[in-house]
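Undergrad: Here's a structure for you.
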Amino acid sequence: MTEGPLIALEGIGRSYGAGEAEVRALERVDLTIRRGEFVAIMGPSGSGKSTAMNIIGCLDRPTSGRYLFEGTDVSGLDRDGRALLRRHFLGFVFQGFNLLPRTTALENVELPLIYKGLPRAERIEKAQRALARVGLAGREHHDPSQLSGGQQQRVAIARALAGEPAVILADEPTGNLDSQRSHEIMQLMQALNREGITIVMVTHEEDIAAYAGRLVVFTDGHLTRDEPVRARA
Amino acid sequence: MLWETIRLAFIAIVRNKLRSFLTVLGVVIGVAAVIAMVTVGQGSSAQVSANVASLGTNVLILRPGKRMMGPGTRDTSPAFTLRDVEALEELPVIRAVSPNTSASQTVVFGNANATTSITGTTAAYLTVANWVLAGGRAFTPAEERQGAAVCILGETVRQKLFGAADPLGQTVRIKSISCLVVGLLEAKGAGSFGQDQDDLVLMPIRTVQRRLVGNQDVSGMSVALQDGVSATRGIRDIGALLRERRRIGPADEENFSVTDMKEIASMLTSINTVLAGLLSSVAAVSLLVGGIGIMNIMLVSVTERTREIGIRLAVGATAGQVLTQFLVEAVVLSVLGGMIGIALGLALALVASRYMLIPFTPDPLVVLMAFGFSAVVGVIFGYFPARRAARLDPIEALRHQ
């Protein structure tokens with residue numbers, strides 16, 4: 001493990017189309033995230049915050065610039081290379097929960113461990129531990145349809161946790177939840193961060209961003225603000 | 001990992017039971033058809049071979065009438081007579097001749113009756129047609145000469161009339177004749193055309209001629225050749241004799257036919273083979289259609305499960321793993337279909353064999369091939385949808401509603 005930053009975006013650009021029709025979603029973005037940080041990314045729609053998130057999550061690749069993950073340039077990785085990086089180092093939490101329907105909570109949490117090639121007994125043990133960590137012990141065999149929105153998002157967080165990733169990427173994790181559930185989820189995220197887990201979260205709600213330790217704002221494809229969060233709830 | 005994938009495939013299939021069933025129906029029908037056709041075909045070929053063996057060696061069948069008759073032509077060829085039989089017996093190439101003349105009659109014993117074919121013949125018939133006596137005796141030369149009221153029962157008739165009782169020495173009634181049962185035939189089973197060979201009663205030919213049909217005709221003869229005499233030579237010598245006796249000029253067409261039973265048997269076998277081949281190709285087409293059905297449903301499934309694919313890609317599945325998952329699903333589907341088809345096909349073949357009175361001889365090689373073929377169908381028709389799934393962009397897939 002290097003002592004350098006976990007994530008380093010250097011002059012990252014992402015454009016779609018070519019020539020006259022070229023759309024620049026991101027331009028010359030520099031962003032460094034250290035191990036253990038809790039970063040909230042904000043910005044209006046079309047500001048490039050989701051594009052940045054996708055690049056950090058290795059779901060997308062930049063058209064220019066360098067992306068260093070733990071000091072290694074990963075911007076040139078192919079599809080499968082990025083899949084392996086996601087498998088071993090990244091955990092995702094989405095706005096729409098994105099759980100597999102008609103699949104129990106436990107099986108959902110096991111999913112990344114299957115691709116990691118863990119034996120069944122170990123998978124079940126880790127998945128159970130992750131579910132217990134998010135407060136869902138005893139709900140292992142519930143279907144997503146039998147769980148409330150907040151519980152479903154907890155399952156998704158457990159899934160992201162189970163693979164013991166270097167960083168959890170949360171894309172509007174509270175977007176589909178009412179305010180009370182939102183705050184419960186954020187308290188959970190904050191607790192996880194205090195245990196040492198690095199979190200990068202996209203949101204458009206100020207009070208949600210307030211749970212983070214650092215706020216990054218995108219406007220028109222540029223990183224326009226980067227400051228510590230003053231008031232922590 | 002592969003086991004995990006197969007397990008996942010099963011879960012996905014079980015989730016949509018009805019749809020999965022309808023999807024594999026094409027493969028089920030295709031495989032069932034192939035299995036049933038081939039099994040029945042092989043059974044009836046086995047039956048034909050068994051019949052050829054039971055005919056004994058070198059048997060020729062003689063019938064009056066021209067070999068080839070166009071539709072609407074009336075055959076006026078005269079029947080054979082018992083004098084023809086005697087003349088043939090003199091030929092050196094011939095070991096035995098048995099004449100026959102048949103009539104359909106009802107045989108009555110007590111309250112039981114059976115409508116069967118009464119074959120008038122001689123004791124030589126047993127040798128020529130390879131019959132074995134299960135009990136009693138054949139006709140004596142005296143009974144044959146006198147046209148005595150004696151008979152030998154086939155197994156089917158014996159069962160219908162006597163059941164468990166002993167028929168030997170009993171008297172059955174055929175038309176107005178009271179007929180003494182002197183012998184019983186051992187069962188032969190079904191013939192090449194699926195007919196029951198044991199459904200007959202033998203009587204001396206003179207008895208049948210005088211008391212059942214009322215003429216002196218011999219409607220056919222079976223001839224056993226001497227050992228070492230070829231069928232060709234037998235046909236030539238018999239032909240020459242009959243042409244002379246029936247006064248057919250050298251330029252005229254024969255008004256009788258001499259047929260080698262082996263020739264008929266091999267013809268039947270080749271008809272069987274051609275039929276089985278034709279039906280199997282129809283079945284192969286239905287397998288192809290079944291494969292297209294699988295491809296269609298797999299494409300629908302990939303579209304429906306786009307989000308699931310996105311989730312799997314996000315948590316680190318490689319394109320190859322997604323491809324494998326959907327390919328395995330298609331193969332599991334078609335192999336399941338294949339297995340149901342094999343079971344169904346064998347059941348159909350069993351029922352058909354019983355009905356057609358042929359042996360049921362399932363061929364493990366054919367079953368294995370049908371199984372392999374259904375797996376291949378899954379791979380071929382599952383590949384395209386699976387590749388489509390594997391090539392999805394994770395971001396697009398996750399956004400899919």
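Here the Cβ of each residue, glycine as well, is placed from N, Cα and C on the backbone.
In case it helps, TrEMBL gives these features for our protein:
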type     : residues  : note
DOMAIN   : B:20-235  : domain 'MacB-like periplasmic core'
DOMAIN   : B:281-394 : domain 'ABC3 transporter permease C-terminal'
TRANSMEM : B:21-41   : transmembrane segment
TRANSMEM : B:274-297 : transmembrane segment
TRANSMEM : B:334-353 : transmembrane segment
TRANSMEM : B:365-384 : transmembrane segment
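For each feature listed, report its degree of burial, its nearest neighbours and the pertinent distances within the displayed model.
TA: With a threshold of 8 Å between CB atoms, the same-chain residues lying at least 6 positions outside the transmembrane segment (B:274-297) that come near it are 19, 23-31, 33-34, 37-38, 41-42, 330, 333-334, 337, 373-374, 377-378, 380-382, 384-385.
Same-chain residues lying 6 or more positions outside the transmembrane segment (B:334-353) and placing a CB less than 8 Å from one of its CB atoms are 13, 20, 23-36, 39-40, 43, 290-291, 294, 359-360, 362, 367, 370-371, 373-375, 377-378, 381-382.
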Undergrad: Find the average pLDDT over the domain 'MacB-like periplasmic core' (B:20-235) in the predicted model and report it.
TA: 86
Undergrad: Take the domain 'ABC3 transporter permease C-terminal' (B:281-394) and count its residues per DSSP category (helix H/G/I, strand E/B, coil), listing them in that order.
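TA: The composition, in the requested order, is 99 helix, 0 strand, 15 coil.
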